[in-house]
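Undergrad: One structure, pasted below without further comment.
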Amino acid sequence: MTSATVPAVSAGKPSIRPGRVVLYVVLTIGALLMITPFVWMVLTAFKSDLEIMKFSWLPGELRWRNFVEAMQTAPFLRYFRNSLIIAVGETAFTLAVCTTAGYALAKLPIRGSKALLSYFILLLLVPFQIILVPLFLIVKSIPLFGGNNILGQGGIGWLNSWWGLIIPLGAAPLFTFLARQFYVSIPSELAQAARVDGLGEFGIFWRIMTPLVKPALITICVFQIEAAWNGFLWPLMITTSDSMRPLQLGLAIFAQNPAEVQWPYLMAGTALATLPMIVMFVFAQKRFVEGMANVGIKG
Amino acid sequence: MSATLEHPTSRVTEPRKVAPAKDGRKLIRSQVRTGWLLLSPALLHSAIFIVVPVIAVLALSLTDYSFGDSWSWVGFGNYSELFRDVDFQASLVNTVLYAIVVIPLSMAISLAIAIGLNQKIRAIGFFRTAFYIPTVTATVAIATIWLWIYNPGSGLANGFLGLFGFAPNQWLAEPGTALPSLMVVGIWQGLGTKIIIYLAALQGVSRDLLESADLDGANRWQKFRNVTWPALGPVQFFVLITSIVGTFQVFDLVYVMTRGGPGTETRVLVLDIYQNAFQDLKLGYASAETVIMMILIALFIGVGRLLQKADVND
């Protein structure tokens, strides 16, 4: 910070500079602060009931059966399966709706496509919590579902159903916008060539252009899976039966029940809920980071 | 942003010129038809699940609707009732407090870390993963982990401070420490996204400008203040907006860790909205509360914009 610091361009850097050491120390402490809670979670998941009575780091023995017993105390496996259904369903729905819309906005001569793009960007700014209450009413009044008549009255509509869990939160405008940004970067000449060869407009979209944006599709998948897997408030509102609950909701209810808070079990359940996203992040790290950074810069 | 948006519209009109007039018109027509076909699911979905709800929340806020068949217009009755409601007042104060502590701190910390990570350092992948993992983890999972960390009996927080001889604290049960304890978790969890965005932006800062500043004998602080900081402008604003929207939405954390307690010490707006709407079934009332939250978010964004403008001009 002082003017005495050696400018970066000057040659002959000494091998160890105090600034560097401080930098590494600060970053390492920071990184440890980020990771420690997870280490603490995993260590707790292996402890016995006696060991968690007082503060200690390491468990005396690794009690693997905590994981088995946790799953017997709460139906974590069913919650896990439900989360998987929601994540896969939402991702498939998002891919279908958002790639088509993104392509149309990027490549097809629709009148007012610029205004439509602004429309989707504007919708990006609507926080989910704002529309919570009416969204619930709309989902409850979907016609001809859950005992509703054609006017959407009388039954529960999409409440407590996979439809209600998957459809309203899929196809967020963010993904339409992202898909469009990716299609824009593919040269239109490819579509022209296919047109000359007699391929229809939908064929051009599906067989020529979409295979070229595969990396983008993966980005959208990773983002959507993460969002769906981590969702909490919406399932909390619209599910009433335990059999539909996703993992996060099951976890929260497990944590809330004072009779059931057995910390090793709770931490085992939490580890189960956390692990898939961390594994996905480690594998898709580069894509995830690029995607996030791009959203920031273009948004 | 606008530069990338202008691009395609100029391109899509091109086929008109290349193809012969009659065929060309037919081709365009089929493209337009396909376009609307491909676009319609997204338009329909966004209309039903976003646009209609936004309009509905405004309308509902003027009624006393509560799931039953009968309801009536109450004008601004909900709003005037809200401002006499102590639970609402507490959640308003707590949410604003949470926002004005968490937003600047998390932005400053993540910018500092991003600058650190932007140096030529080893193990960049490790650091990036470490700072990002809390962000990809579900807030409910984060909340249960921290619930255990703040456990007064054998939690990590007291255990760690005990090593230095501090007395144990009832973190989440004590009125004085409950909200700050939540703020710590909020800041901790939100760093990752901001770091990544700042890091991407820092890599876009002009090398030429930094080098010429070097030649002019600028020190590090001068380079940061005059080159890096202005270059970060648009990204700062983006991070600010997403942080504002994010902190006003805080819910999962509070729901799992404190349920708004002790008393109303950690009651926040979304929790209050949730309870009014889905436990007390006062949907009209909860909608009015939502409208106030919307106005608050807009206000915060407006202030942020002004601050940014002032920063650019000075």
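A Cβ is built for glycine as well, from the same backbone N, Cα and C atoms used for every other residue.
Because TrEMBL annotations are produced automatically, they should be read as predictions rather than curated entries.
Features from TrEMBL:
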TRANSMEM  A:21-43  transmembrane segment
DOMAIN    A:80-284  domain 'ABC transmembrane type-1'
TRANSMEM  A:84-105  transmembrane segment
TRANSMEM  A:117-139  transmembrane segment
TRANSMEM  A:159-179  transmembrane segment
TRANSMEM  A:216-237  transmembrane segment
TRANSMEM  A:263-284  transmembrane segment
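I'm curious about the neighbourhood of these features; can you describe it?
TA: Residues of the same chain lying 6 or more positions beyond the ends of the transmembrane segment (A:84-105) and with a Cβ under 8 Å from any Cβ of it are 113, 116-117, 120, 162, 165-167, 169-172, 175-183, 205, 209-210, 213, 217, 220-221, 224-225, 227-229, 231, 235, 246.
Using a Cβ-Cβ cut-off under 8 Å and counting only residues 6 or more beyond its ends in the same chain, the transmembrane segment (A:159-179) has close neighbours at 85-86, 89-91, 93-94, 97-99, 101-103, 105-106, 117, 120-121, 123-124, 128, 135, 138-140, 142, 145-146, 213, 216, 219-220, 223-224, 227-228, 231, 234-235, 238-241, 244, 246, 291, 295.
Listed as Cβ neighbours of the transmembrane segment (A:263-284) (distance under 8 Å, sequence separation of 6 or more from its ends, same chain) are residues 38, 41-42, 44-49, 52, 63, 66-67, 69-70, 73-74, 76, 80, 83, 218, 222, 225-226, 229-230, 247-248, 250-251, 254-255.
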